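S.K.: This is the structure I want to talk about, given as structure tokens.
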Ligand code: GAR
């Protein structure tokens, strides 16, 4: 089977990145992470990647006049490293049509809600405020809208009556770690 070359974009702690690294190392996902790119210098995700021997780069938004220039730099790094599929793992910027077209149908995102419910930021808080009894995880292809692309996999998570944003987010995160590698494997197949 072909090994798919991944590029992972991160902004923060990188627990989903870690789950993907672990799935690859455990033989559950036939892929290789060619590069991890962060828009935040102190993202813990960069440490996780380095520990796993993966190439990392921090691209400083301050070095670019526009977000489109920034995205061009990301695309050229991804292409230079042979990346076929881009994985957003807690990357907290919206990609413009330029980037989406450069990797058309080859960008995946994980979102902590059952899309199309609760897109955007603070999805778990939105779910609690609405009072839904179930929420969940969605892995989808990234298109030009916000959290609107084709859905690959979803998993339902119960909302408990005593849940806080913290307790719900933690329970959901454990499911995210199972679902993301599974969805990537499915999409690669
Ligand atoms: C995850 O919960 C992910 O679903 C969410 O950010 C967190 C990143 O955590 N993404 C979004 O909300 C995208 N709209 P991580 O850095 O530990 O993987």
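Any Cβ shown, glycine's included, is placed from N, Cα and C.
Nobody curates TrEMBL annotations by hand; they come from automatic prediction.
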S.K.: Name the one residue among 81, 109 that TrEMBL lists for the same (6R)-10-formyltetrahydrofolate site as 92, 93, 94, 95.
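M.R.: TrEMBL names 109 for this (6R)-10-formyltetrahydrofolate site.
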S.K.: Under 6 Å from ligand 1 by Cβ, which recorded positions from 15, 93, 111?
M.R.: 15, 111
S.K.: Residue 111 (active site, proton donor): which of the recorded positions 15, 92, 93, 94, 95, 147 have a C-alpha within 10 angstroms of it?
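M.R.: For residue 111 (active site, proton donor), the recorded positions whose Cα atoms are within 10 Å come to 147.
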S.K.: Rounded to the nearest angstrom, how far is the Cα of residue 109 ((6R)-10-formyltetrahydrofolate binding site) from the Cα of residue 16 (N(1)-(5-phospho-beta-D-ribosyl)glycinamide binding site)?
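M.R.: That comes out at 11 Å between the alpha carbons.
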S.K.: I want the residues beyond 92, 93, 94, 95, 109 whose C-beta is within 8 angstroms of the mean position of the (6R)-10-formyltetrahydrofolate site's C-beta atoms, in chain order.
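M.R.: Residues close to the (6R)-10-formyltetrahydrofolate site, other than 92, 93, 94, 95, 109: 9, 88, 91, 142.
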S.K.: Can you see whether DSSP assigns residue 111 (active site, proton donor) to helix, strand or coil?
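M.R.: Residue 111 (active site, proton donor) sits in a strand per DSSP.
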